[in-house]
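**Q** Grabbed the feature section from TrEMBL, which reads as follows:
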DOMAIN    355-499  domain 'Fido'
ACT_SITE  His441  active site
BINDING   Asp445, Gly446, Asn447, Gly448, Arg449, Ile450, Gly451, Arg452  ATP binding site
REGION    504-529  region 'Disordered'
COMPBIAS  511-529  compositional bias 'Basic and acidic residues'
Amino acid sequence: MPTLNQKIATSLESLRAAGADRACVLRSSALSRTDQERLVVHGYLRQIMPGWLMVVDPNSRAGDSTPYYANFWKFLSMYCDDRFDGRWVADAQTSLRLHAGEHTVPRQVVVISPGANNRSQDFPFKTSLFTMRANLPSSEVKNGIRVMPLGEALVRAAPTFFEQEQTIALAALASLGSASEVVAPLLAGGHSVVAGRLAAAFRSIGRSGVADEIIGAMTAGGHRVSERDNPLQGVPPGLSFRRRVSPVAARVTALWASLRPGVLEAFAQEPQQVEDTGRYLVDVDERYVADAYHSLSIEGYQVTPELIEKIRLGDWKPENSEADRDQRNALAAKGYAECFKLVRGAVADILAGEEAAQLIQDRHMSWFRTMFQPSVAAGLFLSERLAGYRGHFIYLDGSRYVPVAHASVQDAMDAYFDCLEAEADPRVRSILGHFIFTYIHPLPDGNGRIGRFIMNTQLASGGYPWTIVPVDERARYMRSLDAASLEHDVRPFAGLVSELILREPPPPRKRAPDEEPSLREEQETGYRP
């Protein structure tokens with residue numbers, strides 16, 4: 001009689017034959033009831049909704065939303081193909097988000113199909129699909145999803161979209177290749193009012209050539225066009241895209257500009273000049289153990305102050321001690337220690353007058369390589385992953401936000417460094433330098449740790465103390481980053497950092513019950529007044 005492991009292996013082979021090696025979503029009818037039940041019980045499959053299954057890691061937690069969010073767009077495409085026999089297309093708003101490279105899972109997706117019923121279908125984790133009954137517009141397939149072409153989607157988008165999702169709208173307008181992409185659907189539908197709105201929008205971001213083409217073509221077609229109603233109101237001053245740029249680069253640039261006022265609103269402490277560099281660096285050194293403990297604990301590592309101090313003093317000897325061979329945690333601490341030394345050196349260079357933003361561009365990859373070199377040496381991290389930015393999709397635990405697609409990471413980082421270098425205020429550089437770095441998530445691993453290092457180098461440039469995010473504040477920290485990613489509200493994150501600056505650095509441990517963080521005493525002399 002076959003053992004349980006043999007039965008599971010047989011069911012997994014059936015799963016592979018059903019196409020799970022090509023897609024992580026499948027109809028339940030593709031497997032026998034026995035195989036389904038066995039793989040669900042042992043954690044290899046999870047039901048999305050009746051009739052639909054997804055492949056999951058058997059080590060994932062029951063009720064964890066991450067596998068669903070990771071498979072959302074594939075599931076949506078397969079579900080709609082099955083339900084509407086391929087005759088469907090995402091609505092204009094969803095199409096524009098996907099053209100802009102925004103793969104965040106929305107609360108609701110709207111699709112158009114002649115076979116739709118104008119009703120909403122609930123999906124897991126408070127997401128849903130609304131199917132709108134209408135004739136099909138033109139469509140194309142982008143990353144597996146049937147979307148309207150960019151020009152068609154811009155023509156069909158409601159005026160409120162440009163206000164409510166301004167960053168996406170700006171990315172779509174800035175990335176349009178040829179004016180003909182919008183002129184053709186405008187002429188075909190006789191959309192003179194829409195033509196005026198789009199011409200005004202293009203002109204307001206510096207793309208006057210596209211605006212002139214729209215006006216000229218519509219006028220030649222016998223239409224009267226007015227640019228009186230610009231749907232883009234409140235565009236950040238100075239934001240301009242005179243030439244076509246990639247969608248993700250436009251998104252990063254627009255996001256930085258739109259979030260900047262929120263940073264300054266929530267982070268009121270004015271920057272100061274560091275008067276005593278030596279004292280500042282001594283203070284950084286004194287915060288190392290607490291910084292390493294809290295930063296690594298936020299990422300889920302199990303480290304102790306004793307291990308961190310042992311590594312700093314060079315007493316960690318895995319070849320002689322079984323305890324030192326607890327590799328995952330110890331190697332993370334070792335890499336953090338070596339990286340901290342480099343970042344401390346960067347802070348010293350910034351205080352000596354080196355350009356803070358340029359330094360990040362020049363050194364961030366060496367920090368990453370140093371952080372993971374011990375794990376590479378131990379065979380726990382592939383050496384080829386140190387080569388550069390990530391080459392794969394990545395999903396964040398429990399978040400609907402999906403970072404930039406790997407094919408667009410370089411464009412996103414180029415725009416990020418342009419914004420960082422152009423920014424004069426160290427508060428904005430520190431908050432958005434951290435947030436947008438983790439928003440892009442360019443590295444195969446260590447994005448949060450590198451993001452916090454970037455934050456502290458930029459804080460140093462404004463005379464603020466090295467600031468530690470305590471593991472006790474992890475939930476608030478993660479919520480604030482999620483709010484910035486999903487709602488484009490950076491004030492909770494900026495407010496948290498501003499508050500932490502005023503606190504004494506936390507001890508290298510979690511707070512005891514009812515223990516309140518102490519506030520930093522104002523000092524009359526030293527590197528901070």
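Cβ coordinates come from backbone N, Cα and C, glycine included.
Let's see these features in context: how buried, what's close, how far.
**A** When averaged over the domain 'Fido' (355-499), pLDDT in the model lands at 96.
If you draw a 10 Å sphere around the CB of His441 (active site), it holds 22 other CB atoms from the protein chains shown. In the three-state DSSP scheme, His441 (active site) is classed as coil.
Cβ environment of Asp445 (ATP binding site): Phe372, Phe381, Arg385 lie under 8 Å away, each six or more residues apart in the same chain.
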**Q** Neighbours of the ATP site Asp445, Gly446, Asn447, Gly448, Arg449, Ile450, Gly451, Arg452: Cβ within 8 Å of the Cβ centroid, same chain, sequence order.
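**A** Result: Glu299, Thr438, Leu443, Phe453.
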**Q** Measuring Cα to Cα, how many angstrom lie between Gly448 (ATP binding site) and His441 (active site)?
**A** 8
**Q** Determine, to the nearest whole angstrom, how far the Cα atom of Arg452 (ATP binding site) is from the Cα atom of His441 (active site).
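**A** Given the Cα positions, Arg452 (ATP binding site) is 13 Å from His441 (active site).
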**Q** What does the structure give for the C-alpha distance between Gly451 (ATP binding site) and His441 (active site)? Integer Å is fine.
**A** 9
**Q** Sorry to bug you, but what's the C-alpha spacing from Ile450 (ATP binding site) to His441 (active site), rounded to the closest Å?
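**A** Just about 10 Å between their Cα atoms.
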**Q** Sequence gap of 6 or more, Cβ distance under 8 Å: name the residues on the same chain that satisfy this around Ile450 (ATP binding site), in order along the sequence.
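**A** Within the chain, Ile450 (ATP binding site) has Cβ neighbours under 8 Å at His364, Trp367, Phe368, Met371, Phe437, Leu443.
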**Q** Whose Cβ, among the binding-site residues Gly446, Gly451, has more other Cβ atoms within 10 Å than any of the rest?
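**A** Of Gly446, Gly451, the one with the most crowded Cβ is Gly451.
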**Q** In sequence order, what residues of the same chain, 6+ apart, have a Cβ less than 8 Å from the Cβ of Arg449 (ATP binding site)?
**A** Ser295, Leu296, Glu299, Tyr336, Cys339, Met371
